[in-house]
Amino acid sequence: MRNQTPGGAPPGSRKRPALLWLLLPYVLFLAVLPLVNRLTPTVFGLPFLFFWMLLATVATPGAVWLARRGDLRRGRR
Amino acid sequence: MKATVATSVFAVFMALTLALGLLAVRARRGGRRERGLAEWSVGGRSLGTVFIWVLMAGESYTSFSYLGAAGWGYRFGAPVLYVIAYMSCGYALGYVVGPMLWAYARRHGLVGITDIVAHRYGRPWLGTAVALFATVCLLPYIQLQITGMGVVVSTISYGAISLNWAYFLGFALTTTFVVVSGLRGSAWVSVLKDVLVIATLGFLVVYVPLHYFDGYGAFLDRVVAEKPQWLTFPGHESGGLGQGWFISTTVVNSLTVVIFPTTVAGYLGARSADTLRRNAVYLPAYNVLLFVPVALGMAALFVVPGLTGTQSDLALFKLVTDSLPAWAVGVIGVAAALSSIVPMAVFMLVIGTMWGRSVFGARSGAGAGPGEPVDGAAGQRQKRWSQLVVVAAGTLALLLTYFAPQTLVRLSLISYEGMAQLVPMLLLGLVWRRFTWQAAVAGAVAGIALVCAAVFSGHDPLWGVNAGLLALALNVAVALAVTRFGPRARDARPDTEVLAVDDEFPRLTEGDRAVAVGAADSAN
């Protein structure tokens with residue numbers, strides 16, 4: 001028996017495509033790991049793996065910000 | 001002489017810490033009179049973006065970051081990156097999970113994950129069971145912080161404060177201020193801690209390469225030329241910490257960190273769901289700081305070679321005591337000690353809350369109803385029980401540190417992977433009505449059994465994969481099977497009462513919304 005009330009849908013059931021941005025850290029840190037697990041080329045002296053991880057770390061707040069922006073825009077409509 | 005200077009600096013800051021903790025609670029009482037469990041456990045749900053940021057950063061940036069991160073960097077190299085990866089991924093997930101748990105707890109007057117579980121499944125004993133299990137998982141962390149702080153204090157005092165005294169000091173300080181001031185005090189002390197952590201790490205990251213290596217370029221060139229093994233997976237003699245391990249550990253830990261009881265305490269302390277969303281944007285930026293101890297650990301490879309085993313955890317402090325004047329050593333020690341105290345306080349607070357609410361509270365039947373059950377007379381009583389449990393848990397951790405240090409070390413191996421097994425019970429349960437308590441319990445039991453079997457038989461990682469992730473897969477499979485074939489729930493409450501509903505977003509007035517969107521657009 002379901003007592004679904006309007007507006008009471010579980011999170012995610014309403015479309016929030018911007019939330020896909022939250023997967024970006026998983027892609028940067030994990031999905032591409034076999035490609036970036038290397039010493040060269042060094043970037044600003046940093047071995048490539050560490051450069052990439054630093055990049056992914058810096059990109060994470062950006063990804064969440066994009067998700068939030070999507071939510072705010074959705075709220076405006 | 002050096003010992004006196006460093007110890008004095010340390011003593012001054014510890015006094016300041018206690019004062020801040022006490023001040024936090026007085027400042028609040030001046031405004032409104034709130035003395036119930038909700039004020040103590042979750043800061044009256046009133047902390048703004050800044051406090052939540054420093055508090056949550058404070059919880060995750062523990063003495064492990066000073067000792068362990070540098071130690072792993074020194075011993076293994078690249079595998080230490082898993083800490084940065086799982087925190088980044090987990091904080092991103094927190095964007096969704098944080099507000100969801102916050103809204104659910106707020107609507108039903110709940111103060112922790114045990115409370116949430118008890119309410120979701122309508123079974124107070126399930127909350128009690130989760131509280132007991134979580135306590136077993138959290139106690140090792142308290143001990144870890146006590147020993148971490150002990151090592152730091154003893155090192156920065158150049159041995160003047162013995163290890164045993166340093167352990168006791170950490171315990172006494174933390175217990176006092178957490179009993180008195182609760183989550184709000186922890187948040188205030190976190191501010192002091194973050195200032196010191198950012199300042200000292202910012203300084204070290206510039207100073208150490210200049211002092212030892214003629215600058216960054218030279219340092220990095222030397223690492224790349226002489227220690228290439230440390231710079232890619234699987235690292236240096238890491239014993240199977242390869243890419244598969246890194247990926248699986250990051251996935252399972254990032255799921256666990258969002259429901260970890262201490263993280264949830266931070267979530268529930270927030271003033272609004274939107275505070276948490278904003279926080280989820282800023283919080284991952286803190287992880288950049290974690291690269292510093294990793295780099296310093298690798299620098300120590302050249303300066304103090306030959307540290308083995310747990311000795312390597314002192315890599316960073318060997319550098320510091322070797323190259324800096326005593327007062328600076330004292331300040332860095334304070335930053336590291338506060339990095340033990342803040343998380344330890346929150347761990348104790350969470351254990352106290354779980355027991356006051358879900359163990360003693362569940363038995364007396366107090367606070368089961370809706371409304372504001374945590375601030376009434378029952379809430380007062382639960383708070384006193386909670387404070388008592390804080391002292392008891394702290395004492396137990398201290399005694400075990402002295403008399404049976406190995407017990408908790410062994411338990412700590414299953415802590416994180418064990419807590420991971422509560423993810424389906426909590427998160428799947430809150431969005432899926434058909435998920436029954438039988439399914440949640442069966443899944444968790446299967447998962448925990450597999451974790452224990454793998455860890456205690458020395459098979460973690462298993463086939464190059466984190467055993468916690470395999471256990472979580474088994475957990476979900478069992479839970480789905482029991483949901484499909486097992487008994488149906490007979491729960492007459494409507495979905496809105498049981499599930500996390502999506503009614504909290506975006507909870508802004510039209511004016512706020514226009515401003516926020518405008519800001520987002522212009523920054524774009």
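Note: Cβ is positioned from N, Cα and C throughout, glycine not excepted.
TrEMBL does not curate its annotations; it predicts them automatically.
The transmembrane segment feature in TrEMBL is assigned to B:6-25, B:76-104, B:125-144, B:164-183, B:195-213, B:245-268, B:280-304, B:324-351, B:388-405, B:411-432, B:439-457, B:463-483.
The listed stretches are B:76-104, B:125-144, B:164-183, B:324-351; of these, B:164-183 has the most Cβ pairs under 8 Å to the transmembrane segment (B:388-405). Under 8 Å from some Cβ of the transmembrane segment (B:245-268) lie the Cβ atoms of residues 41-42, 45, 52, 55-56, 59-60, 79, 81-82, 85-87, 89-91, 93-94, 97-98, 101-102, 105-106, 110-113, 116, 134, 138, 183, 233-234, 276, 343, 346-347, 349-350, 353-354, 416-417, 419-420, 422-423, 426-427, 461, 464-466, 468-469, 472, all in the same chain and six or more residues away from its ends.
Through the fold, the transmembrane segment (B:6-25) approaches residues 153, 156-158, 160-161, 169, 173, 176-178, 180-182, 184-189, 191-192, 196, 326-327, 329-331, 333-334, 337-338, 341 of its own chain, all at least 6 residues removed from its boundaries and within a Cβ separation under 8 Å. Against the transmembrane segment (B:76-104), stretch B:411-432 shows more Cβ pairs under 8 Å than any other of B:164-183, B:411-432, B:439-457, B:463-483. Per-stretch counts of Cβ pairs under 8 Å to the transmembrane segment (B:463-483) identify B:439-457 as the leading one among B:125-144, B:164-183, B:280-304, B:439-457.
Only pairs six or more apart in sequence are counted, and the transmembrane segment (B:411-432) with the transmembrane segment (B:324-351) gives fewer than three Cβ pairs under 8 Å, not enough to call it a contact. Take the transmembrane segment (B:439-457) and the stretches B:125-144, B:164-183, B:195-213: counting Cβ pairs under 8 Å, B:125-144 has the most. Counting only same-chain residues 6+ beyond the ends of the transmembrane segment (B:324-351), those with a CB under 8 A from a CB of the stretch are 1-3, 5-10, 13-14, 17, 40-41, 55, 58-63, 65-67, 112, 134-135, 138-139, 141-142, 145-146, 148-149, 152-153, 155-158, 170, 173-175, 177-178, 182-183, 185-186, 189-190, 192-193, 196-197, 199-201, 204, 207, 261-262, 265-266, 317, 389-390, 393-394. Away from its own ends, the transmembrane segment (B:164-183) comes close to residues 14, 17-18, 21-22, 24-25, 39-43, 47, 55, 145-147, 149-154, 157, 189, 265, 269, 337, 340-341, 344-346, 348-349, 352, 387, 390-391, 394-395, 397-398, 401-402 of its chain (Cβ-Cβ under 8 Å, at least six residues beyond either end).
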